[in-house]
Structure formats: structure tokens, C-alpha cells
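What Swiss-Prot records for TYR225 is active site, proton donor. Annotation source Swiss-Prot lists active site, lowers pKa of active site Tyr at LYS229. Annotation source Swiss-Prot lists NADP(+) binding site at LEU72, ASP126, ASN153, TYR225, LYS229, VAL258, SER260, citing similarity to another entry. According to Swiss-Prot, the transmembrane segment annotation covers 26-46, on the basis of sequence analysis.
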Amino acid sequence: MGSLSDISFFDHLQELARRDCCVNALLWCAFTVGAVKLTTFMLSLISIALETTVLPSASYKKYGARKGAYALVTGASDGIGKEFALQLASKGFNVLLVSRTEAKLLELKQEIMAKYKVDARVLSVDFGVDNRLTYTAISELCGELPVTVLVNNVGVSHSIPVSFLETTEEELRGIITVNNTATLMVTQTVAPLVIANARRLQCRGLVLTMGSFGGLLPTPLLATYSGSKAFLQAWSAALAGELAPHNVDVQIVLSYLVTSAMSKVRRASALIPTPRAFVRSTLASLGRRVGAQERYATCTPYWSHALYHFLIENTVGVHSRLANAINYRFHADIRKRALRKAARKAAEKQE
């Protein structure tokens, strides 16, 4: 018969064994979760590399290219919108060019018709004015034409970074009217035609909307613009679910800076492509997420933007305090430089 000390000793061993089992189980769980996370991270990086360098470009025949189909592009007179029009025409789409400056639209129309031998038509409208007649005119422009592609490119931002409380009512309303109201109204006008034409031509329809890193990351000193683009992300993803049963693909395209009048950046770099390079990557990546690995119906197509998006999303997080603070400092610096430049110009005029 064992002593009490022997019984206590064995009880202690059993307790240690039980604890070791629990500790080992926790360690294995942690290891498994870490391994899965690391594997997912590496596979996503490989996916980004393949999608930006190796995989073939998307085919546009399924949207009616070279079959008489039309693509409607808003904000088509300059920058990214102009490149969408040119590159869609090069793929065999007839194009409908909608923007404010008629002279630029007519010049682009002649260039497209001469270079790509497709039909091009123009409509000059001011999306900054919320007028129902604008959307009636767009409906009449489309008429009986087989429009299967809509590119929502039109957009505006703040003239310079500014705090929300100092943003003028005119600028605030202008941003919401162009970025949100106009985009929704154009889509509500054109998407039913896209659905009907896709069914009639036995092809798919496409609705592309230009988003921004300003909507991906809450951006201090661009609060209204940032909110307007974040709205488009949620709206576009919801619309994708609604139009999928109608054989219409919906995707929002996210970009960081691109050389353009809106960004006020003139020199291209590895992180800041030209509109031509950005649109080329967008059209090549259609239907893929590239840098937007965890976001439905979303694409961050340009290679450096894709890496930037993916790393932010998987490290500090797009809604983190750190990302917000970095964004604030970045745009505060831009504001200081813009104000100094304005002061110099004012001084030069007085002289």
C-alpha cells in the first residue's frame, strides 16, 4: 500500500501531463494558424506576380469586341478616361465619348476613327450640374446602339488637401455630385441597355468604375473625396452581386497616384504610372483581383499599386491608426507646399 506522498507525486505527474497536453495543443493550433497564414500570404504574392507578368491578358470578345458593340466612357476627354477610350477602340469596340469639353472630345473622336477604323460619337455634358436632362441625353446617345461596356471614369477631387471643416460647400457638393450622383445616375441609365444588349448579342456585359486608394484608406485632409470613393467601393461590390445573374461583370478599379491633371503629378515613376500604362494594366487584368486579394469585384491592377495595396492590407491594415496618421502627414505636407506655391504666385502678381 503506497504512502500519501507517493499518491501526491503521481497526481502531480498526471496534472503536469494534462497541462502539457493543453500547452502542446495550443502550440500546435498556433503553429497551424501561423502556417496557414504564411502560406496564404506567400500564395497571394505569387498570384500577384503571375497576374501582373505571366498570365495572358483578358479577352474582350466575350463583351462583343469586333462584333459591333459599343463602349461608353465618361470623363473621356483627358487622362485615364481618354486612355480607356483609345485602348477599348484598339480592341475593336465602337466608343461613345462623354465629357465636358467638346473640343477635346471631337479631337479624340477623329483620332480614334482614323487610327482604329471604328465608330466614335461624342456628347458634351457637365456632370458637375445635377440635371436630369444630362441622363436623358446619354440615353438618347445610346439609342438603339448595342452598348455592352460602361466605364464610369468621371471624377473630381479637392483643389488641394483641406480639412473637412474648411471645405467650402461648393467644393463639397461638387465632389459628391460628380463622383457619386453622376456615377449612379449614368449606371442606372446605361446598365439596363447593357443587360438587354448582352442578352441580344449573346455575350457578356461589363461595368467598370474608377475607385481610388483615397477610398481604400480613410484619407485625412481629403475627407469628402475619400468618403465619396469609399462609397463607390461598397456600391460597386453590391451592384456586382445584383448584375451577375444578368451576365454582366461589375468591377471597381483601385489606383494610387497616376500622372494626371487631378493628381497634379507630371513625372511618371515606378509607383506613379502614366494613364496609358495604368489603363493597359487594368484592361489586361479584367476579372482578376491582383492587389485586391481579399475584396470581391475589386481590382488593383498596376503592379506597384498591387503590391502596395496588398502589403498595407496584410500588415498595418487600411483602417489602422498608423495608416491614418501616415496619410495625414503625407497630405499635410502636400497642403503646405501648395499654399507656399500659391503665395509665391500671388507675390509675383503684385510685383
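Glycine is no exception: its Cβ is also placed from the backbone N, Cα and C atoms.
TYR225 (active site, proton donor) is 16 Å away from SER260 (NADP(+) binding site) when you measure Cα to Cα. In the three-state DSSP classification, VAL258 (NADP(+) binding site) falls within coil. Largest Cα to Cα distance within the recorded NADP(+) binders LEU72, ASP126, ASN153, TYR225, LYS229, VAL258, SER260: about 24 Å as a whole number. If you measure from the Cα atom of the residue listed as 'active site, proton donor' to that of ASN153 (NADP(+) binding site), you get 15 Å.
Following the DSSP three-state reduction, the secondary structure of LEU72 (NADP(+) binding site) is strand. For LYS229 (active site, lowers pKa of active site Tyr), the nearest of the binding-site residues by C-alpha distance turns out to be ASN153; the candidates were LEU72, ASP126, ASN153, VAL258. Cβ packing within 10 Å was compared across the binding-site residues ASN153, SER260, and the lowest neighbour count falls to SER260.
Comparing Cβ neighbour counts within 10 Å across the binding-site residues LEU72, VAL258, the minimum falls on VAL258. Within 10 Å of the C-beta of TYR225 (active site, proton donor) we count 25 further C-beta atoms, all protein chains included.
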